[in-house]
Amino acid sequence: MVRSLNPKKSKRKNKKKAAESSSEIPSIPTRVWQPGVDTLEDGEELQCDPSVYNSLHGFHVGWPCLSFDILGDKLGLNRTEFPHTLYMVAGTQAEKAAHNSIGLFKITNVSGKRRDVVPKTLGNDEDGMEDEDDDDDSDSDDESVDEASKTPNIQVRRVAHHGCVNRIRAMPQNSHICVSWADSGHVQVWDMSSHLNALAESETEGKDGTAPVLNQAPLVNFSGHKDEGYAIDWSPATAGRLLSGDCKSMIHLWQPTPDSWTVDPIPFAGHTASVEDLQWSPAEENVFASCSVDGSVAVWDIRLGKSPALSFKAHNADVNVISWNRLASCMLASGSDDGTFSIRDLRLIKGGDAVVAHFEYHKHPITSIEWSAHEASTLAVTSGDNQLTIWDLSLEKDEEEEAEFKAQTKEHVNTPQDLPPQLLFVHQGQKDLKELHWHNQIPGMIISTAADGFNILMPYNIQNTLPSELPA
């Protein structure tokens, strides 16, 4: 896909004038592109429509990052006014082990423009003015697109990390404490407070990624796993409590002490293959879930020993990722290597089929899945087919509503009829997508990482449909 993250006003105007100057050029309806289904003909290219984003930015930081996390900050909850400021942490995948690092990012001037999902309807006395003011409206549209795509300012502090970072997570209660899973088999806990303070207090510190890589010792370096791993999760209920799972199917529990952590040397055992992801329950502090290459999902209670409280076959292939809904704690989502993802109601597990939704839209492995922090029925997914998709499980097909919407928007897009009605948005343009996260404090914002860098996006039909007053 060809995308311009900073569309040029002059180019857009020239294209419009060219179309107006020739009445012989037929009008070709816009077509929705489906990866894996459609093919490009000679002379065709894919174009991003920036008008469907309230905000869209892309950047890269050198070596690709397989994993990252958004850091909680003190800038306010449920922020809606542009420009935005955000903080994040990411770990690199460099060619040589010694070249890897953990990056602390401060990103400012994340600009955008909140757009109307349905344009305001003109009155009869205004119809005659529409053509007359067309050029002015065009200029305004061009300016709004440019405004929404101004380049953010990026500041980085880097800490040396031996080996590639398979996964990295920040403690939700204290975001300066981070944990990294290295391909060397080590799990390390870091205190990043000095770096975050330096970024917060300066507008030039590490600007444009020019800061040197700093050496720092981790708070804890655990080498008790028998192999490398990817699964790791901080408890949202008990500050400092941590889980780490490895490719040998073992899960270790970390308990915080006044000045460090103790890691239980006896692991939780129940899977027969690599543990790929872990999620603490958002409602019960002693319960967590795991997923595995063995195709199963298990739910554990740390008070009941080292075996799972229940386990079930979730997919016919590796289960790569899971996400526990924080707003509806009975719902657990899982994504598989065969491209499918499912949602289960855990209240129905013991009674039989607990699957409340199952989707086969993606044709390549699911690499990330996460529920929205602001809307209980909404989740986002990334896949090896280079798509980031957003879904709303509360939606059903309504032909009358669709017809009314098309009439209001004068929409002439040939939308495929076989798309699931729950599919809200498709974002493309990144190669080899690996992970996404919703921003907990900026409703409607998603950040994603891929082999070619990061994207920050706020689809207009997501942010604009969130409740106007969100709970603090």
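Glycine residues also receive a Cβ, built from the backbone N, Cα and C atoms like all the rest.
Under the heading compositional bias 'Basic residues', TrEMBL lists 1-16.
The annotation compositional bias 'Acidic residues' is assigned in TrEMBL to 124-146.
Marked as domain 'Histone-binding protein RBBP4-like N-terminal' by TrEMBL: 44-110.
Per TrEMBL, region 'Disordered' is recorded for 1-30 (among others).
Per TrEMBL, region 'Disordered' is recorded for 116-152 (among others).
As annotated by TrEMBL, repeat 'WD' applies to 268-310 (among others). Same-chain neighbours of the repeat 'WD' (268-310): 229-238, 241, 243-253, 316-326, 329, 332, 334, 336, 344, 346, 349-350, counting only residues six or more beyond its ends whose CB sits under 8 Å from a CB of the stretch.
Sequence-distant contacts of the repeat 'WD' (359-401) (same chain, at least 6 residues past either end, Cβ-Cβ under 8 Å): 1, 35-36, 78, 318, 320-328, 331, 333-343, 419-440, 443-444, 446, 448, 450, 455, 457, 459, 462, 466-467, 470. Residues or ranges marked as repeat 'WD' by TrEMBL: 359-401 (among others).
Taken together, the residues in the domain 'Histone-binding protein RBBP4-like N-terminal' (44-110) have a mean pLDDT of 95 on the 0 to 100 scale. Broken down with DSSP, the repeat 'WD' (359-401) shows 3 helix, 18 strand, 22 coil. Helix, strand and coil residue tallies for the repeat 'WD' (268-310), in that order: 3 helix, 20 strand, 20 coil [DSSP].
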